[in-house]
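Enquirer: I'd like to ask some things about the structure below.
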Amino acid sequence: MPPRPQRLAPVADLPPVFAGIDEAGRGCLAGPVVAAAVILPQEYTLPGLTDSKKLTAARRESLAEGIRSCAVTWGLGVVWPRDIDRINILQATFRAMARAVRVLRQPPPALLIDGDKTLPPHVLTTLSCDGHLPTQRAIIGGDGCIPAISAASILAKTFRDRLMDTLDRRYHGYGFAKHKGYGTAEHLAAIAAHGPCAQHRLTFRGVRPNPAAEEQLTLW
């Protein structure tokens, strides 16, 4: 059985070294899902560090620069819509998280993941280092109470937002720079007017050409 998620993790209960992990874009209709992994040093100065959703875009960018500068190591993982449609959004999110961990300069002995799910065995085994697997724990609301997870949420969000700005210049008429791929009324109207583009998740409600087709819902 996977470890039970915790709503709060007292500092004394945290492993001495761990990577905080979070994602951005899981619930979007377009664009990739992006995950970040961050190992913070024992001492750092990042005033205002918290869940990325509680910050302005300008504050996120400022903190992201500080996180990249002070982190022991950090990494990003990206999974694009074609693979999201092929393996589903839950598995794509796991894959993005594993990719973020694999590019860290040092393998973490432990993973603290925002949410209520840990990496499944078939994904966790890809992170083996010299035969050792990291321990892992899911923490509900971790992006608001564990600084390394907060840092990961900020890096994932800022990187993905920049990707969506780039995609907006390539795929005109959808407003990606404004809504970042989320299912706003403006975005849904653009899909209805122009049809989906290569960056849309065709298995998601609101995008799929045939409303009677099998629906993929966000599993988290």
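Any Cβ shown, glycine's included, is placed from N, Cα and C.
Since the structure is predicted, the reported quantities are computational estimates derived from the model, not experimental observations.
The divalent metal cation binding site feature in Swiss-Prot is assigned to D22, E23, D114; the stated evidence is sequence analysis. Per Swiss-Prot, the feature domain 'RNase H type-2' maps to 16-216; the stated evidence is sequence analysis.
Describe the structural context of these features.
Expert: In sequence order, A35, A36, S52, I113, D114, G142, D143, I149, S150, A152, S153, A156 make up the list of same-chain residues 6 or more apart from D22 (divalent metal cation binding site) whose Cβ falls under 8 Å from its Cβ.
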Enquirer: When DSSP states are folded down to helix, strand and coil, where does E23 (divalent metal cation binding site) land?
Expert: strand
Enquirer: State the count of C-beta atoms found within 10 angstroms of the C-beta of E23 (divalent metal cation binding site), not counting that atom itself.
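Expert: Other Cβ atoms within 10 Å of E23 (divalent metal cation binding site): 27.
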Enquirer: Using the Cβ centroid of D22, E23, D114 as the reference point for the divalent metal cation site, which residues of the same chain not in that list have Cβ within 8 Å?
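Expert: What remains near the Cβ centre is I21, A24, A35, A36, M97, I113, G115, G142, D143, I149, A152, S153, A156.
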Enquirer: Can you tell me the three-state DSSP label for D114 (divalent metal cation binding site)?
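Expert: Reduced to three states, the DSSP call for D114 (divalent metal cation binding site) is strand.
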